[in-house]
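Q: My questions all concern the structure below.
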Amino acid sequence: MAGRESDAVSLAGVVLAGGESRRMGRDKATLVLPGGSTTMVEHVLGIVGQRCEPVFVMAAQGQPLPPLQVPVLRDELRGLGPLPATGRGLRAAAEAGARFAFVCAVDMPGLTVDLIDDLVRSAIETDAEVVLPWDGRSHYLAAIYRTDLAERVDALVAAGERKMSALADSSDTQRIVMSDSAPLANVNTAADLPAPVRPGH
């Protein structure tokens, strides 16, 4: 698209790859997508990396991953969901000098750079702390977060919060209505996999 907003703002990427994948029955990050040899984590990194720099992968302790050209940070707290991993990713992004981070789940093969651009545009225009896509529900793991929210995440986790909604509810949050839900779709079973997968654009 003309005038990539992500070029005008310091935007890091945080890909959450350490989920337990109970319904899939196997690690989603290393799932090979139909029509090739690319794993889910490599596919999502290929999209996020077009708009975000640096990009961090949050993974579970001992979780096997293919060789990646980005930093991999291992979960310090196991079994607590995506909130503490998001906080650690935001802190790493802040330390790298980024003001915003696009945080997403690893199981989003339909993710597009256009979605990232739309969210970044809103973040710039509103200076909101959180910008979420909304298609009838809020998508917390395909959203823009200010990196200075890392301390707020720590406080929420220390208070016993586990849900990403707790961070959005305690922040200046903007929601963007999405007419196309395809880029937001998660893969929970093999039947959810698209075939073939097209690179996001």
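In case you wondered, yes, glycine gets a Cβ from its N, Cα and C as well.
Worth saying up front: this structure is predicted, and the values here are computed from it rather than measured.
Sharing the features that Swiss-Prot gives for it:
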type    : residues                                  : note
BINDING : Leu16, Ala17, Gly18, Lys28, Asp75, Asp107 : GTP binding site
BINDING : Asp107                                    : Mg(2+) binding site
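Buried or exposed, and what's around them? Tell me for each listed feature.
A: Same-chain residues at least 6 positions away in sequence with a Cβ under 8 Å from that of Asp75 (GTP binding site) are, in sequence order, Gly18, Met58, Ala59, Ala60, Gln61, Pro84, Ala85, Arg88. DSSP classifies Asp75 (GTP binding site) as coil under the three-state reduction.
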Q: Please name the residue among the binding-site residues Leu16, Ala17 whose C-beta has the most neighbouring C-beta atoms within 10 angstroms.
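A: Most Cβ neighbours within 10 Å: Ala17.
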Q: Would you mind pulling the longest C-alpha to C-alpha span across Leu16, Ala17, Gly18, Lys28, Asp75, Asp107, which the record has binding GTP, in angstrom?
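A: Maximum Cα-Cα distance: 18 Å.
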Q: 10 Å Cβ neighbour count around Lys28 (GTP binding site)?
A: 23
